[in-house]
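Enquirer: Let me begin by handing over the structure; questions about it come next.
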């Protein structure tokens, strides 16, 4: 292909300087005023590359051996002058180099005058050349055509339709713009079809039939809904009945908790400090603890971490003291009741000599969660062990963390808030009626359960407490005794 254009190139340059034209010869053309400025541009044989690309293309080495007048595009000064002249006035030829002479109509190469050479009307069919989206690319015409087969005004300095020279321009066939569409290039030759396939164009989205890949709509049968039995609506309970049911469930839960505490602590009359996790069955022991520096340091730690005021901390201390007084009163009442003692279960019930069991006194270590025999040697051996030294430090930090949680939970209780308001007014907030006392007990036991659930994730028994898992009986926990734990009936 390039060889033929190379031989024709010499002929066109000779005719450029020798041939003359007249107005009569150009009178038959509809756009004859453009005739004198048209000339076959040798640049079309380069392959239609962009003028701003390198001068050496894919087929330049072949053109240099077969009749091409110029070894390089910009070496000959005469060629450069011709290129500059045609680039300013005409813009070069718009013939596509991908079409060989065998595909061109008869008479094109014959010297029949300027009229047949310059008119593009016979070549404006969409079956001859593919429509282009952008021009001046590889294999593309130098400038787009208009509706009548001639060149567009863009080639002669007219207004541009796209952004920049020769970009974003669309072909027009018959005066109708068809953006993104190209002619039927299936009838073109192999080279032309290859060029047309490289043209960017909008592709229509593939048609997806409904129901092939998507979900099919479930069709319900007319009589299917009639066979289904509709469950009867649940009876709506009144607010009083719902409240009564919740109260009964809460009391049953409290009863089970009291039984569990009774099995754990014996008579359930242990004196506890919820902040320090201190437990004692002696009144004197709890009194000494409440007045000790350990208890005061714990209150200072809570105030420092929670930023509570001094009256708040005094109120929390009074709550612990009030709990101690309640426990002492219930304990005195239970000791006076002989019937309660008769109903007390015997610890050794069902134990026979063959079981080889005996009742002994033990010492419980809350830091290690182990039971140590109540012997001097056993207690001293446990105190000097490495496990106890590690566990007591970790347990102390755990108590500090849980004390903050306990204090915050107590103050968030609505009943405690009401008592705190009375305390600020100078009244005694702990004198309550029997009904209020029952409600207080329910609130306190609910709070106890929440605190125990919150303290479970913070207990670390993996490495620091290896003996606790093996020695502590299942279900026992002496480390979480909230402020409001009571055993009132």
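Cβ atoms are placed via backbone N, Cα and C, with glycine included.
What Swiss-Prot shows for this protein is this:
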type	residues	note
COMPBIAS	7-22	compositional bias 'Polar residues'
COMPBIAS	62-76	compositional bias 'Basic and acidic residues'
COMPBIAS	91-100	compositional bias 'Polar residues'
COMPBIAS	433-451	compositional bias 'Acidic residues'
REGION	1-28	region 'Disordered'
REGION	62-100	region 'Disordered'
REGION	133-181	region 'Disordered'
REGION	205-263	region 'Disordered'
REGION	431-489	region 'Disordered'
MOTIF	200-221	motif 'Bipartite nuclear localization signal'
ZN_FING	273-295	zinc finger
ZN_FING	365-388	zinc finger
Enquirer: What does the DSSP secondary structure composition of the zinc finger (273-295) look like, as residue counts for helix, strand and coil?
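Expert: So the zinc finger (273-295) is made up of 11 helix, 4 strand, 8 coil.
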Enquirer: May I have the DSSP-based helix, strand and coil counts for the residues of the zinc finger (365-388)?
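Expert: Residue counts in helix, strand and coil order: 11 helix, 5 strand, 8 coil.
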Enquirer: Can you work out the mean pLDDT of the predicted model over the motif 'Bipartite nuclear localization signal' (200-221)?
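Expert: A mean pLDDT of 58 is what the predicted model shows over the motif 'Bipartite nuclear localization signal' (200-221).
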